[in-house]
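> Straight from TrEMBL, here's the annotation block:
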DOMAIN    B:140-202  domain 'CBS'
DOMAIN    B:204-260  domain 'CBS'
TRANSMEM  B:286-306  transmembrane segment
TRANSMEM  B:318-339  transmembrane segment
TRANSMEM  B:360-380  transmembrane segment
TRANSMEM  B:386-409  transmembrane segment
TRANSMEM  B:421-443  transmembrane segment
């Protein structure tokens with residue numbers, strides 16, 4: 001199959017086919033990979049998605065549903081199908097995907113489905129449902145290939161072929177003892193190359209990375225990325241093998257965490273759905289705006305306390321909003337670099353100190369440069385050299401404050417255990433606004449009145 | 001090996017060992033995985049890194065260097081070694097990693113190394129150096145397992161074992177014809193299960209995703225994520241197999257792209273190094289600040305044009321900075337959600353229209369809510385109900401403008417082919433600042449003077 005991008009013509013074909021008979025629709029659908037149908041689903045209406053899922057064979061329907069982004073509510077789509085259809089689909093799903101979907105349903109739909117499906121599947125899914133969805137346990141799949149360490153080469157190969165029957169890719173093989181305790185990992189290459197009577201336990205690689213079921217998913221992603229793994233085994237406290245997490249699930253975690261980072265740094269609640277409704281968006285954003293409003297009153301009180309200065313020198317309003325605004329921009333820059341750096345690796349005390357020093361230097365340089373421009377405007381346009389001096393000093397000062405707070409605040413928040421991305425931007429704009437108004441007003445009062 | 005996090009005690013051990021003899025240092029290093037040494041390197045000084053690399057066997061040294069983040073200049077470290085040591089290391093590196101490192105060196109170091117190393121390796125690396133580093137060609141590795149479609153089962157297995165000698169994981173197997181044209185992909189499972197005289201070409205899976213060498217790395221990452229692949233073959237226009245890209249390299253691309261997204265949306269040049277020096281940071285950020293300064297003068301000119309109003313009603317300054325600031329915050333929220341949504345998938349016209357409508361509704365609700373609070377302050381604290389009305393209308397209006405521009409500007413930029421993350425934030429704050437000053441001043445002029 002050719003690698004291609006879904007474009008408007010594909011959407012048009014599907015939309016046209018949706019107006020035709022089932023047979024026509026089926027024929028069009030056959031030309032798409034299930035991942036592609038999942039992408040096309042993003043542009044379709046809920047009833048159109050339901051019709052397509054009903055027409056597809058259960059195996060393909062299950063792939064489409066497991067490929068759908070959580071944003072587009074695959075769980076809702078599944079819950080709305082007839083009980084026969086949804087059982088068929090759930091039975092085809094990998095256990096981790098089925099668990100994910102069921103955990104998004106309400107209790108009664110969840111219980112209905114668990115009653116309807118094959119009881120061995122139900123037991124496996126129930127076990128996975130007991131883990132928090134943001135942990136290794138919630139992310140792992142119980143479908144994996146494990147062989148007993150006592151088996152010899154041919155017994156092991158037979159076992160691997162048997163267990164891999166329903167698996168697309170088997171990634172790493174695991175060796176366990178009679179009590180399912182993990183002995184190590186195995187490569188298929190070493191088994192193929194081994195002499196006939198060698199036992200699995202002699203071939204095992206004992207130098208491997210594993211995680212406990214309660215580890216946070218972000219930490220799992222870091223390990224997979226650091227050690228360049230394609231999968232990682234999940235064990236309980238007694239080292240019994242519970243499941244494994246594969247790299248494709250980690251890629252989804254990374255995308256999710258990145259969305260959260262960008263939202264948090266912009267003052268949006270991390271669980272706002274990108275394509276959600278307006279009411280949810282209000283719920284997610286209004287609290288931040290109200291906190292911001294409170295800090296804005298603080299900045300406004302600075303202006304109030306210099307009412308006389310503003311009255312005697314009305315032109316200062318136009319200048320001080322420039323000083324405050326530029327401070328906000330410079331702080332956002334320093335904040336973004338520092339927050340991202342912290343999220344990629346922890347900093348030593350010395351590195352933290354150097355970061356703050358660097359931002360002070362950057363602030364001094366960028367502040368003075370912009371200060372010269374503003375001073376130039378004050379001197380030539382408003383013909384007031386002292387006003388120029390005031391604005392040069394205020395701009396330089398505020399952009400230094402911006403750099404210092406942009407670097408220091410996230411570093412402090414991180415050390416006291418608060419997510420720097422969430423709280424930093426409100427705190428630093430409060431600083432740059434207050435100082436951005438205070439400096440020009442105070443300096444003007446001293447030097448110009 | 002246990003999964004663990006590098007902490008201060010590890011750093012202290014290494015630092016202590018660095019003060020001791022080579023033998024002591026070697027003993028301490030043996031207790032760490034090469035990935036862990038690469039992480040510890042982030043906290044060490046350049047001369048300390050060099051000493052460790054010189055002490056490690058070439059194979060481990062090459063792993064450490066290939067694991068190092070580009071931020072910490074592995075290419076510089078490599079270039080500074082003796083020519084004997086660096087040749088040894090480069091020969092141990094995977095071709096894609098060697099190419100990556102050499103592409104970061106200056107021309108003369110690059111040519112020196114290519115002369116010093118094994119000439120077959122040099123030819124392979126030269127070929128890879130010809131691809132742009134941000135494309136599939138720049139990302140691919142030429143080490144892979146390919147078998148001729150005419151081989152039978154046992155010949156194929158022999159060939160696979162021979163070729164996998166130096167490979168840690170072989171991911172997918174590729175079947176090619178005599179001219180190296182890709183016939184399809186193969187699973188080791190199907191080969192093991194096959195009858196003895198079956199030819200490889202009969203086992204090949206023809207339904208696979210491939211990419212051309214010039215495809216942008218971001219598109220490659222999207223395909224790998226969409227189709228849940230662990231590797232993807234790279235071909236030329238004649239479908240000859242050039243190499244393959246593995247999922248571990250894609251994880252690095254995703255982290256890189258995410259850093260760039262967060263920097264761009266915050267007005268930092270996308271190639272600023274997070275741990276770079278202050279001069280580079282000035283170069284990366286000053287241009288954006290100067291553009292912002294120009295737009296700030298535009299906003300200031302709105303205030304200048306209402307000088308009379310401000311003179312007659314000095315209290316308005318304190319209010320209008322609240323209106324403008326809140327508009328900026330609301331716009332940042334709408335922008336973050338829209339930019340992230342666009343970067344995850346393209347929107348249809350209808351979806352784009354619905355997004356703008358949603359943001360208008362969110363703006364109306366959040367604006368009116370904050371407007372009521374500000375109006376309350378104007379009515380009770382300043383005892384001026386008309387001022388309260390003016391501020392209610394101005395706040396509501398500006399937050400609606402914020403939502404509309406926050407959603408519309410990135411959608412428009414995307415359609416005309418400009419990266420929405422780069423340019424959006426400057427354009428929208430210009431809007432919310434100008435409207436944020438204009439609305440209260442204009443309304444106050446009409447209703448209060």
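Using N, Cα and C of the backbone, Cβ positions are placed for all residues, glycine too.
Where the annotation comes from TrEMBL, it is an automatic prediction and has not been curated.
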> In the domain 'CBS' (B:140-202), how many residues does DSSP assign to helix, to strand and to coil?
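Helix/strand/coil tally for the domain 'CBS' (B:140-202): 23 helix, 16 strand, 24 coil.
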> Suppose you look only at the domain 'CBS' (B:140-202); what would the mean pLDDT be?
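The average pLDDT of the model in the domain 'CBS' (B:140-202) works out to 86.
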> Taking helix as H, G and I and strand as E and B in DSSP, count the residues of the domain 'CBS' (B:204-260) in helix, strand and coil.
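Split by secondary structure, the domain 'CBS' (B:204-260) comes out as 24 helix, 16 strand, 17 coil.
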> Go through the chain and flag residues at least 6 beyond the ends of the transmembrane segment (B:286-306) whose CB is under 8 A from any CB in it; none is fine as an answer.
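Sequence-distant neighbours of the transmembrane segment (B:286-306): 267-269, 320, 324, 426, 429-430, 433-434, 436-438, 441-442, 445.
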